[in-house]
């Protein structure tokens, strides 16, 4: 099993947002592979022509013999350079913004033969470089003045009489820019090709150029976009690193863990203080108060167990994610592991376990007579109760399925034709239908509580239920299934009774008492005033129903709104109840359209139908008066107002309309359609936030906060909501278009059931919406009110005052074997084990006694292993964080391997970029990299940079269809990528393809011998300015003198 699935299955629902975000950290690790490729600029390699390569090899072989002499010259010049180092060395950062850019002529195009030049013009390979016929024994220095558009406006000689200005410099620079632009355009076309054209072919030629780009297709995470300027200001968007995300996650878990522990300990201290309080107050030592203290110890012990499991689960996740990251970056992973081990999550002596042990000892000391085994059995979670309830639920579901099948079989067996059924059967169907609606609604609510618990929705907090009472969704569902089974049993009895056709009509008439007695019995059970049969739930329902009736004169809370919605869907129940009263009053039990009650035009009928909607409107008005918010309170009021108007118009049309389509009925139809559309729109916006907050909502078109991550759940719910809202229109169309009036009892039952289903779905998602819209819902909690709060407060104040007086105190020593207490004077007295014997009843078989002589030493919860937040702890954390940042910054320098910001090197790059780079770009940040301490020609002849501002991200669906090859967008200029033997300026290649074994192999990197470097070095070292004999002739202000006087440039290669 994968850890993310294990984490999901073992989360505590109320702490769901407080766990490690494992997927988030894993994504940060995955981004490490991509960041090395897309953070910086792309560098493209332009291969040399065969003639140029042969010339370079020839020059390298000829210059090998002169290397030793050049090295000796370097050694002789070291002393002179060292003496003048302080005066002639140019500091880093000087002249970086100058428009006069001084560069070695090695970077400039040199004179070549006409034949070679023509070839270059034809092939597009006119990269500025050292051609055949160039002198290897001298270096020319040119100063180029470049304007903002990259055009050369002035060329002057600054290196003395031996400096020679090359004729083709302007032409060569323009040709270089043209090649770069063509390369960029070609790459754009290659990336943006259709996925069907997978193969570009290894011999793909760039149009108008002779060089080739290897690859059989490009899989890239960048898009080289053609633009007027291939280079521009570099803008880097900072991305969150793994170490930052890891530290944030560790801090989140650590703070939540310690905070919850301290809150639990504070509650335990209060419970411990109640033990001597109850011991000293015999009047308050009741079963209820003792149960309160015992239950408090139970709950806190279980809470600490959950907290310990929370810690262990998060630690497993952190260690697993570190094991993954260690394969990529072991140094930072080691520091992150050190940071984790320095937190309070990895404390050796866990205060949580110590507090759990102390709670168990105190519980055994004062409630089980020092019986640790009995205390363990009483204080641990009793899972057998839930298992028993689940067994009962399964048994009742099976019994209900059998009863339903039996009812259907018997009815159609005894009455194959509906006309053969008893004359009073419509009345019986009515009675059974209206009695089943509240039962089904209550059972659906029990099922919803189970789903809310699974989804982590805190319905106890939303419904404002008392937190000191244990609730179980399985228990609710068990009660619901009991009523469903009883209803089916009564229904079976009625079907068996009416199937006896030998009975007289009077006898069959009395059979109506069967469903009627069941309804009366259910109502009596609901209002039963005794504390039996789920009395808390029954009293809560009656209390909320009374508050609905009192609206708008009482404050309205969410439970009151919930109860009003239940009454809305029970409108059919209220309407049928008034008809039952009418039938018994007029002795018309046939329940037919020709009966008295159907023809009766009592005004009470529409009033009872619209009464639930009126209560709902009054609740909305009250909420608007309290909050002043038009949405959603007045919005909901308008919904209910539509229902009131349509019900009144329907009653008027049925009783006073002369025609089938009178103007009243037409008005009713129009208002009903408009009202249904408005209700549907209100449902979508209030419950699901559909099409709201387009600019700021990341989850658009749904609301931003959702409990269920699968969006299809909400869309399915919207579909059902639309169907339930327009059921009336379907029924109306069938009745108007056909002769069938849809008055069959079974159809009416399903029609009523659709109202129940709508109400259940509406409440389910409204509670879910209320849950996610509460700020920090999981941190909201209600403290359990003390049953003796004022008395306990007075007792603690008196105890504190006695402590402040510092009276002499005798230490008592307990003898657990003989229940005697020895005081300081040597006398003894017996402890009083007060029980609840003075009460005329006992609740359970458990020992309800509490030790009346509580010892303060036994009740001490302090221990040596406590969580600390001292200055030393914070300093250790900050020290590790600083170490992680230092290592990360060092690795960033080593990974990019870019050109340093030495003024002359930086100016060289500016010459070919045609602009002054942004101060935030990566190049000015790269100072004093070890690779830059080598002789300058090694870097100057290596590459020119393509600006990252021309890079764009390719959509993921396009990347998935472009296989095999990748354009790396990072300019990893390390020595193995540099073409140090070429005196030309080139685009260095990091176009790479993945081998079958997963290793990245460079397709265009050329390994040159050491002679390549020596060849370039010889050209610099053989320059007269470098010669000691001509040292005095060199202008001290020349750029070349500033370079070669640095000690590190004169070191032997």
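Don't overthink the numbers, they just go from 1 along the chain as shown.
Note that Cβ sites are derived from N, Cα and C of the backbone, with glycine treated the same way.
Annotated range for transmembrane segment in Swiss-Prot, selecting from 342-362, 363-383, 510-530: 510-530. Within the same chain, the transmembrane segment (561-581) stays apart from the transmembrane segment (476-496): fewer than three Cβ pairs sit under 8 Å, each pair at least 6 residues apart. Same-chain residues lying 6 or more positions outside the transmembrane segment (712-732) and placing a CB less than 8 Å from one of its CB atoms are 669, 672-673, 676, 679-680, 683-684, 688, 690, 702, 706, 742, 751, 754-755, 757-758, 761-762, 765.
Residues 422, 424, 427-428, 431-432, 434-435, 438-439, 483, 486-487, 490, 493-494, 497-498, 538, 541-542, 589 of the same chain, all 6+ positions outside the transmembrane segment (510-530), place their C-beta atoms under 8 angstroms from a C-beta of that stretch. Counting Cβ pairs closer than 8 Å to the transmembrane segment (391-411), the top stretch among 427-447, 476-496, 630-652 is 476-496.
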